[in-house]
Amino acid sequence: MEPAPLVRPRSYVVRGRKTDAQQRAIAEFWPAFGVDFAGGLLDLDALFGRTAPRTVEIGFGNGENLLALAERHPERDFLGVEVHGAGVGRVFAAMRERGLSNIRVIRHDAVEVFETGLSAGSVAEALLFFPDPWPKARHHRRRLVQPDVVRLLARALAADGVLRLATDWEPYADHMLAVLDAEPVLVNVAGPGAFIPRPEARPVTKFERRGEKLGHSIFDLEYRPLP
């Protein structure tokens with residue numbers, strides 16, 4: 001019996017325009033720091049030119065979190081996966097300004113990257129912060145946090161790895177909690193049915209500030225592989 005096909009939510013809509021500066025940054029930095037992903041297994045040691053703990057951020061948006069963490073942890077490597085060109089250009093421009101070299105960027109669907117590009121146990125930390133909540137009921141199937149996707153994320157985590165998530169949309173937070181708690185190979189660090197306190201180490205980004213301005217609570221989740 002063949003396995004059921006993977007359910008791939010189309011969790012994004014490509015929008016926004018790159019500024020001239022962002023376009024120039026992409027043209028200048030893509031050869032060194034961009035990854036032309038075509039579906040094959042990635043050689044992370046070759047991409048980064050070293051062996052180090054790897055953090056993968058899914059949908060890094062304008063790159064605030066990715067850049068802050070890369071600057072704070074030069075001993076780690078950071079792989080950002082984003083479909084929007086404006087965010088990619090902003091990250092490259094900021095890398096130039098800050099002198100960062102420990103970031104690589106893939107402009108591709110994150111589900112496919114985790115499915116075919118990342119080997120089992122290759123990721124020390126996976127981050128999914130403030131993904132599109134798709135609040136309308138008819139769009140819930142487009143939410144990125146779905147059982148099949150969670151299994152892919154769990155597979156990529158190292159034995160001592162960690163999956164961190166955050167959202168300011170309470171119904172999506174409850175959905176995340178239910179899906180992740182149901183994954184048998186992951187353990188909720190806060191305990192079943194619970195969220196963790198906001199980690200001080202997580203940089204504050206515009207998405208969090210916007211949520212708080214709207215009066216939304218912030219929900220953080222943290223999962224580790226089952227020992």
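For all residues, glycine too, the Cβ spot is worked out from N, Cα and C.
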Which of Glu71, Glu75, Glu82, Glu97 belongs with Glu57, Asp109, Asp132 in the S-adenosyl-L-methionine site listed by Swiss-Prot: Glu82
Given Swiss-Prot lists Lys136, Thr205, Lys206, Phe207, Glu208 for substrate, the same-site residue among Asp45, Asp77, Asp168: Asp168
Closest of Thr205, Lys206, Phe207, Glu208 to Asp132 (S-adenosyl-L-methionine binding site), Cα positions, binding-site residues only: Phe207
Three-state secondary structure, which DSSP defines for Glu57 (S-adenosyl-L-methionine binding site): strand
Inter-residue Cα distance where the pair is Asp109 (S-adenosyl-L-methionine binding site) and Phe207 (substrate binding site), in Å: 21
Spatially closest candidate among Glu57, Glu82, Asp109, the listed binding-site residues, to Glu208 (substrate binding site) (Cα to Cα): Glu57
Integer Cα-Cα distance in angstrom, Lys206 (substrate binding site) to Glu57 (S-adenosyl-L-methionine binding site): 16
